[in-house]
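K.L.:
Okay, handing you the structure first.
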Amino acid sequence: MNLGKQLTLPAVAVVASVVLLGCERPPPEVVQKGYRGVAMEQNYNPRLLEASIKANLPVESLPAAAPGGPSVSDVYENVQVLKDLSVAEFTRTMVAVTTWVAPKEGCNYCHVPGNWASDDIYTKVVSRRMFELVRATNSNWKDHVAETGVTCYTCHRGNPVPKYVWVTDPGPNQPSGVTPTGQNYASSTVAYSALPLDPYTPFLDQSNEIRVIGQTALPAGNTTSLKQAEWTYGLMMQISDSLGVNCTFCHNSRSFYDWKQSTPQRTTAWYAIRHVRDINQNYIWPLNDALPASRKGPYGDPFKVGCMTCHQGAYKPLYGAQMAKDYPALYESAPAEAAPATEEAPAAEAEAVEAAPVEEAAPAPVEQAAAPVEDAAPAPQQL
């Protein structure tokens with residue numbers, strides 16, 4: 001009998017230790033984000049938040065270029081995108097981009113040695129299109145990026161290929177005849193949940209419907225399947241993990257679907273999803289033929305972007321550091337006649353400005369990071 005107890009206690013201790021490995025080490029802290037007692041809150045762990053801030057520090061901007069001087073088009077050949085710059089500003093921009101994208105490889109990562117005008121290197125073709133992407137983002141997608149904007153560093157962080165890109169995942173091989181349809185793999189793409197492991201392809205590459213919640217008490221008229229709902233929740237887990245926030249950063253706890261009760265950040269997220277689709281479909285996919293196999297997935301699709309590509313665990317990329325404003329080359333020289341987004345946000349969201357039951361968020365619980373919720377994404381009336 002005593003022997004049984006001696007064996008049982010260590011076994012219980014081992015099981016308990018394994019279970020606790022899945023828990024986050026305390027102390028978590030809670031920031032109220034709405035009415036009291038209704039779970040409108042953001043949860044932060046000061047230790048993890050401090051690490052996130054260190055990982056999302058911006059780099060210093062280069063000194064401003066001297067005004068005036070010859071146009072880059074008069075000096076260099078085959079400048080197609082940045083031709084409206086002076087030579088001084090063009091050179092400054094090239095130096096900055098090199099430090100943001102290929103600090104080890106240098107200029108020859110994108111240029112043929114001895115012939116900078118040549119297009120006989122795929123990275124130059126890609127980088128030219130990426131300049132167009134950044135300029136279009138900063139000039140035409142203010143509903144998403146507001147005045148903060150983006151730079152090459154927002155995604156690349158000193159790497160030729162951004163750390164957080166994705167391709168369509170075929171999933172692990174299945175020896176049995178029953179396939180789990182991408183579920184129960186504890187994948188990082190869905191924050192290690194049991195949800196389908198590829199929330200990207202249907203929603204951030206394709207334009208499948210994300211909403212699955214019925215708007216009536218009975219399910220009449222809502223033909224959404226359980227599988228579709230699980231895919232949607234997989235996307236929500238990915239967004240939450242990418243931004244380092246709870247569901248209530250965008251949604252109201254009592255009614256996730258209702259735009260009138262949602263927070264202003266949901267409007268920004270609506271535009272963000274469409275912005276990501278625009279990037280993947282109109283900027284990345286057209287480059288697929290120019291890319292080598294090392295820049296593609298098992299199905300031959302190119303490395304694409306998702307929320308994590310820019311945000312990297314921060315509710316705003318680089319916690320809202322405004323790097324783009326120091327580089328005029330990263331904006332289109334003249335405003336576009338129409339933004340690339342052809343859709344309008346749901347009509348009810350306009351009412352969410354006054355109706356959303358949320359208060360101005362309190363400062364985050366870590367002194368160095370007073371911003372994670374306080375400096376929230378722009379409210380709908382600013383979009």
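Heads up, the Cβ atoms here are built off N, Cα and C, so glycines get one too.
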K.L.:
Among Met94, Met130, which is the one Swiss-Prot gives for the heme 2 site where Cys152, Cys155, His156 also bind?
P.N.:
Met130
K.L.:
Among Met236, Met308, which residue does Swiss-Prot annotate as binding heme 3 at the site that also has Cys247, Cys250, His251?
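P.N.:
Heme 3 site check in Swiss-Prot: besides Cys247, Cys250, His251, the record includes Met236 out of Met236, Met308.
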K.L.:
Which of the three DSSP-derived classes (helix, strand, coil) applies to Cys307 (heme 4 binding site)?
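P.N.:
The residue in question, Cys307 (heme 4 binding site), is helix (DSSP, three-state).
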K.L.:
Checking the binding-site residues Met94, Cys107, Cys250, which are within 10 Å of Cys155 (heme 2 binding site) at the Cα level?
P.N.:
none
K.L.:
Specify all same-chain residues, apart from the site residues Met130, Cys152, Cys155, His156, whose Cβ lies within 8 angstroms of the center of the Cβ atoms of the heme 2 site, ordered by sequence.
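P.N.:
Going along the sequence, the neighbours appear as Trp100, Val101, Val134, Thr151, Tyr153, Thr154, Pro162.
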K.L.:
In Å, how long is the longest CA to CA span across His144, Cys307, Cys310, His311, which the record gives as the heme 4 binders?
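P.N.:
13 Å is the greatest Cα spacing among the residues binding heme 4.
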K.L.:
Please classify the secondary structure at His111 (heme 1 binding site) using three-state DSSP.
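P.N.:
DSSP call for His111 (heme 1 binding site): coil, neither helix nor strand.
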